[in-house]
Amino acid sequence: MDINDAHRDASVFLEDEGDDAWDQIDDDDSLLEQSAEPFSAPSAYPNRRESASLFLFRKDEDLRQEEEQENAGGEKSAVEESEQDVAAREHERCVSQQKAKDLADTEQQRRVDEEKDREDELEIVRQINIEYSKTAQDEEQERRVREYEIAKVQEQLLRERSRNEAIEAAEQERERRIQELQQLQQLDEQERAHKQELAVQVMEQERVRRLSSVEHSEHMAERSKSTCHVEADNVEVGTDDLTDSAGSVFSEIPVVQSPASKILVDEHTEWRCFISSDNPEQEKDNLRALRMSLEDDLKVEPYGKYQELVSDVRLLRFLRGHKMNVSVAATKFREMLELRKKYNLDEIRQEIVEKNISPDEFPYFQKIIPHLPFLQAYDIGDVKNGHVFYFEMSGYADFRGLVEDVTEEEWQTFFLYEMEYRAIKLDQLSRTHEKLVQTIFVRDLTGFSIARFNPRLLKRLQNIILIATKCYPETTHQTVILHTPWIFHKVWNTITSKLHETQLRKIHMSGDSFAHLLELVGGREKLPKLLGGKDSAHAIPQTGFLGRNSYVLLCEDGATQADIKAGGTLQLPFRMSVNDTICWEYEVKAHDVDFGVKYRTQGVGGAEEVDKVPKVRTASGETIAGSFTATEEGIVVLSWDNSYSWARGKNVAYKAKVVKSTHDFSCLDISGNDCV
């Protein structure tokens with residue numbers, strides 16, 4: 001029974017612990033064999049401890065044989081077994097069980113340690129992968145930063161190069177104009193000398209004819225009779241008086257008769273000339289009355305030095321500018337004299353005349369021209385009435401740069417020089433053409449964005465307009481504004497309040513402005529290329545934003561960029577109420593795209609959709625702007641259609657804004673989008 005118990009215990013242990021326990025037990029066989037003798041046939045009184053120890057490692061057949069033998073001699077063995085043997089056998093069994101348990105614990109601990117080592121290895125690998133990933137991300141970020149910095153430097157270099165080229169081109173243009181101006185001055189001097197020579201010849205012929213006429217002989221005879229009582233010692237004096245009398249008679253002889261449609265101005269000065277007039281008699285009388293009204297004001301010493309300041313040509317501008325009202329014109333002229341003292345215009349005029357400086361030599365010209373692309377053209381030939389032109393690409397002006405880089409004092413100083421110089425040139429040209437020559441201002445608003453306009457600049461413009469209105473009336477023939485966006489008409493309301501009624505009548509900003517400009521200038525051949533003409537001699541400098549990519553400019557102004565897939569369409573719906581206005585501006589980056597505007601309303605029979613802007617294909621390189629005002633509630637859909645292109649996607653930058661009818665347009669901002 002004891003052997004059976006040991007057998008069962010060993011079997012249970014081996015079944016629980018498995019093959020690993022058997023391997024450990026095999027390793028311990030040598031220890032057991034040291035205390036046990038080799039297996040042999042059982043003796044009559046076998047050592048039970050050895051039998052029990054060996055029994056654990058015998059095969060099942062041997063165990064059965066031994067069990068039968070023990071059963072046969074069981075009674076005898078039971079009698080002969082002592083208590084010590086039983087205790088030894090129990091102790092042996094406990095030791096075996098404890099050893100088996102220790103082996104099982106050791107195996108379990110080994111497996112736990114292996115699992116822990118495996119988890120530690122996985123964690124280490126995971127940490128290494130994370131470090132590698134972070135390192136790769138940092139390297140990629142550094143690479144992108146380097147690429148961005150390189151691109152930034154390249155863009156800056158390109159911009160600097162473009163600016164240098166523009167400055168160089170402007171310098172070359174300035175030198176060319178100086179040469180042309182010198183040539184024109186030489187030609188004018190030669191022509192004037194020739195005309196003076198002809199006039200002297202005509203005057204001499206007229207003098208000879210008059211002296212030889214019968215009337216002159218009778219007149220001289222009468223004078224001789226009246227002086228016959230003079231004493232002999234005064235004969236020489238009488239002879240001198242006779243000569244002076246002849247000169248007096250000659251001075252009364254008009255050299256040239258004034259045409260009926262012209263008036264003679266500055267008759268007793270070196271600038272004596274004729275000016276065309278629709279009502280010459282009235283203007284001549286009013287001009288004489290105005291000069292008499294200003295007699296005390298015109299005696300001031302500076303105006304004796306610069307008589308062209310108070311010439312009839314300048315007085316005539318004040319008369320025509322104030323509807324031939326002598327009293328009003330006199331008051332405005334006195335105000336002009338006060339403003340000249342306030343802004344030191346007399347000193348500016350003296351510097352311009354004495355130093356013969358040109359517009360590109362004015363103070364702060366080199367600070368303003370990089371931000372404001374403009375051109376003064378005094379030499380466009382065969383222009384009707386001899387008017388001069390001022391071209392300005394206002395839509396591409398860098399207003400922010402003007403405010404930041406040019407102070408208000410520098411801005412005002414430059415334009416004071418510019419306006420005084422223009423007044424001198426206009427008076428000179430008026431005497432040459434015998435008409436009041438004026439300036440035609442041409443402002444192109446292509447690319448205009450309210451987001452780039454700085455309100456601080458509006459104050460500067462208003463101050464310049466005020467000085468020009470009070471000091472230089474009737475110097476503007478017309479102001480032609482090209483490509484006016486919808487939003488400009490709203491902003492224009494804040495500017496018109498500063499302009500005189502006469503000036504407002506001279507502003508042309510309708511849809512046919514370009515055709516009207518071609519009529520004024522005399523065709524495309526005389527219009528600069530940047531304005532759509534063919535004249536390369538008068539080139540507007542590519543400053544401000546002219547030298548930059550218009551697509552990039554639109555993005556910098558807050559436009560949203562959108563990708564349109566090949567064969568796809570981009571649609572933006574905007575909810576609108578009655579009298580609301582939507583304005584948009586967009587440009588395609590490359591190639592072209594179809595654009596259209598639809599308006600959806602809810603009718604009696606259901607929803608209705610109407611095309612408000614027909615679909616039109618727009619190419620890259622041109623910024624398109626437009627607007628639509630709703631007459632009823634509905635939804636406006638701006639649509640960019642690329643369905644015709646199955647192989648190429650398109651990139652579009654756009655800005656859109658719904659302006660409520662209650663908005664204050666003077667401070668309107670369309671830099672963002674409010675798509676519903």
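Numbering starts at 1 and runs along the chain as it is shown here.
Quick reminder: no glycine exception, Cβ is built from N, Cα and C everywhere.
Remember, predicted model here, so these are calculated numbers, not experimental data.
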Matching range for TrEMBL feature annotation, coiled coil, among 150-190, 232-272: 150-190
PLDDT averaged over every residue in the domain 'GOLD' (557-658): 87
Secondary structure composition of the compositional bias 'Basic and acidic residues' (86-115) [DSSP: H/G/I, E/B, coil]: 30 helix, 0 strand, 0 coil
Tally of DSSP helical, extended and coil residues in the domain 'GOLD' (557-658): 0 helix, 70 strand, 32 coil
